[in-house]
Structure formats: structure tokens, C-alpha cells
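Working notes, structure below.
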Amino acid sequence: MNKMEQTDLKNLEAKIYVAGHKGMVGSAIERALTNQGYTNIIKRTSKQLDLTDKLEVDHFFATEKPDYVFLAAAKVGGILANNTYPADFLFQNINIQNNVIHASLVNKVKKLLFLGSSCIYPKHAPQPIKEEYLLTGALEATNDAYAIAKICGIKMCQAYAKQYSVNFINAMPTNLYGKNDNYHLEHSHVLPALIRKIHEAKDTGAAEVTVWGTGTPKREFLYADDLAEACIHLMKVYNSSDIVNIGTGEDLTINELATSISKALEYEGNLVFDVSKPDGTPRKLLDVSKIKNTGWEPKVGLDEGVLLAYQDYLQQINYSKMAVGNEALCVS
Ligand code: GDP
């Protein structure tokens with residue numbers, strides 16, 4: 001087998017590093033690669049490799065020499081986490097992406113995919129949001145630190161592509177949910193937060209569930225496994241550092257989302273809106289015609305996705321109950 005064959009993503013033995021494989025996006029990419037038959041996927045937990053540490057990252061890349069990199073490692077969180085810890089979002093994300101993108105250049109990675117986000121477009125961008133609207137207006141204040149970091153990552157891929165002729169590409173996913181999501185009551189995104197709140201309200205017989213904000217902002221939701229398929233597809237067919245939106249092209253209000261989760265979980269209580277919490281951007285629906293024209297489209301609709309995400313939530317709480325049980329056993 002010659003070197004070209006070994007490094008071609010069409011080759012199932014290509015050496016692929018999935019950065020952030022424990023997270024929702026990284027684990028979905030790893031699953032999708034494995035399902036497609038890839039056999040040489042490199043992974044490191046954050047304990048094994050601290051991506052914010054340049055020396056560790058340089059050593060890892062020099063030793064492993066991956067051919068392809070999916071950069072799915074990032075500090076992420078919902079509206080309150082972003083608003084409360086802007087320094088952490090800025091510092092950690094800039095360090096992770098600087099270290100991984102630069103080491104990919106130095107170690108001659110064949111192709112790297114970086115993940116931006118729909119929340120880094122201007123707050124009042126026309127809808128649906130086309131790729132060229134990036135950096136045409138002021139950012140949403142609740143996540144401007146995260147947005148600036150992600151914009152730096154995109155610009156870095158573009159600058160490296162321009163100056164060094166490397167194949168570093170940029171995907172812009174919409175709001176994501178799925179397996180291995182974060183269900184923290186304060187730090188998570190809206191969909192997993194509402195699954196947990198509605199489940200707990202049903203469990204305890206509570207008469208109402210509190211939804212943050214006015215319920216009027218609109219959001220688009222993509223199942224993480226669909227995003228993973230899109231990322232692998234772009235790695236195979238797309239060779240430009242110009243950003244590409246990834247979404248469903250459909251959105252709904254937070255009120256509609258909460259109502260539909262209540263229905264899916266068979267919760268009959270009321271929704272009440274806590275307007276002391278921020279609404280964030282009024283709307284951020286992506287124009288997905290560019291990726292659709294390359295031959296990709298999502299497979300999991302929101303109704304099906306919410307049920308799959310609920311299964312994931314139930315598994316996570318059963319697992320943590322088991323873990324607590326085991327700990328108790330050890331202590332006694
Ligand atoms: P955003 O898309 O960056 O604004 O992030 P989120 O997913 O955290 O929030 C989306 C919208 O859902 C905002 O308008 C929130 O105020 C609203 N929302 C309603 N209830 C909740 C909740 O329990 N958690 C979160 N994170 N957002 C909520």
C-alpha cells in the first residue's frame with residue numbers, strides 16, 4: 001500500500017484523530033466513522049492529553065502523525081454558562097484550537113475540519129443566515145466571548161489555507177442535541193435542559209415547569225449523529241476553507257419546543273416563563289442550501305430526535321444512580 005492510499009479518506013485505514021471524542025459531537029463523529037468501517041481512529045481523553053497545553057499537543061502530533069483531524073474539542077455551554085464564564089470560554093477555546101490547528105500544520109495533516117457555530121453570526125443577521133453574513137454585524141452579548149474564540153479558529157484555518165496551502169475546512173453547525181449531551185440544569189442548552197426539567201416534573205408530580213425567557217425566540221435543532229455524517233461527508237468532498245452551514249433549515253419557538261417535549265414525555269402540567277432569564281438571539285435559522293447542494297441532508301427529525309435524546313437522558317441518570325449505588329457499596 002503506498003502513502004497516497006494510506007492517507008486517502010477513501011481508505012478505511014486512514015489515521016484519523018477525533019479531538020473531543022468524549023463529547024457529544026466528537027463521540028458522534030467517532031461512532032459514524034466506526035459505522036462506516038474506519039479502523040484507525042486515534043482518541044485521547046482530556047486526562048491523557050490536555051489540549052490547552054501546547055507542549056503536550058505538539059508531542060502528541062509529532063508522535064502520532066495523524067492524516068486527518070476532526071477538531072470537535074471545545075468548551076461549550078448554554079446561554080447562562082456562556083454569560084457567566086466568558087473568560088473560560090475565550091481562553092480555553094482559543095488555546096485548544098491554536099494548539100491543534102498549528103500542530104496540524106507543522107505535522108502535515110492532510111485535512112482538518114474545524115467546527116464553528118450558528119451562534120457566532122451577527123445577532124440581527126437576516127434569516128435564513130447565509131455563510132457570507134459572518135462578521136457583518138454586532139454579536140449576541142450573551143455569548144460574544146465564545147463567538148470571538150470560534151471566529152478566531154475559522155480565521156486561523158482560512159489564513160493557514162491561504163498562506164500555507166493546507167486543506168483546513170470550517171463547518172458551522174446549528175444548535176445540536178443528542179447522545180452524550182449535557183443535562184446540567186444551569187449550564188446546558190435548552191433542549192437537554194427541558195428534557196430534564198420536564199422528566200423531573202413528571203416524576204415528582206409538579207404542576208408546572210419553568211422555561212427561561214419569553215419562549216418566543218426561535219431555534220433550529222440538529223441531531224448530533226446527523227452533524228457527524230455531515231462532517232465526514234465534507235471531509236470527503238469539500239476542499240475550501242470557506243465556511244459551510246449545517247442544519248435542518250427549519251426552526252420553532254422555545255414555547256413550541258417545550259410543548260412538544262411535554263407531549264413526547266406525556267407531561268400534562270403547565271409551562272411558565274421566567275422572563276428574568278435572557279432570551280438571547282431572537283432567531284438563528286441557517287440557510288443550508290450550500291451543504292444540500294453537495295449531496296447531504298439530515299435524517300433524524302425533531303420528534304424522533306427528542307425521543308432518542310430522552311433515551312440518552314434516562315441512560316445517563318440510570319448510570320449515575322448505579323455509580324452512586326456502587327460507591328455506597330464500597331463505603332459500607
Ligand atoms: P442559545 O441558543 O445560545 O441562546 O442557547 P440555549 O440553548 O441555552 O438557549 C436557547 C433559548 O432557550 C434561550 O432563549 C433560553 O432563554 C431558552 N431557554 C428556555 N429554557 C431554558 C433552559 O432551561 N435552559 C437553557 N439553556 N435555555 C433555556
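Yeah, the Cβs are placed from backbone N, Cα and C, and that goes for glycine too.
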According to TrEMBL, which candidate in Asp144, Asp242, Asp279, Asp287 joins Lys197, Trp212, Arg219 at the substrate site: Asp279
Annotated recorded positions Gly23, Cys119, Trp212, filtered by Cβ under 6 Å to ligand 1: Cys119, Trp212
Distance, Lys197 (substrate binding site) to Leu176 (NADP(+) binding site) (CA atoms, angstrom): 18
Pro173 (NADP(+) binding site): nearby recorded positions from Cys119, Lys197, Trp212, Arg219, Cα cut-off 10 Å: Cys119
Integer Cα-Cα distance in angstrom, Asp279 (substrate binding site) to Gly20 (NADP(+) binding site): 29
Surrounding CB atoms that lie within 10 Å of the CB of Pro173 (NADP(+) binding site), all protein chains: 23
Stretch-averaged pLDDT - the domain 'NAD-dependent epimerase/dehydratase' (16-247): 97
Candidate with sparsest Cβ neighbourhood (10 Å radius) among Tyr146, Trp212, the listed recorded positions: Trp212
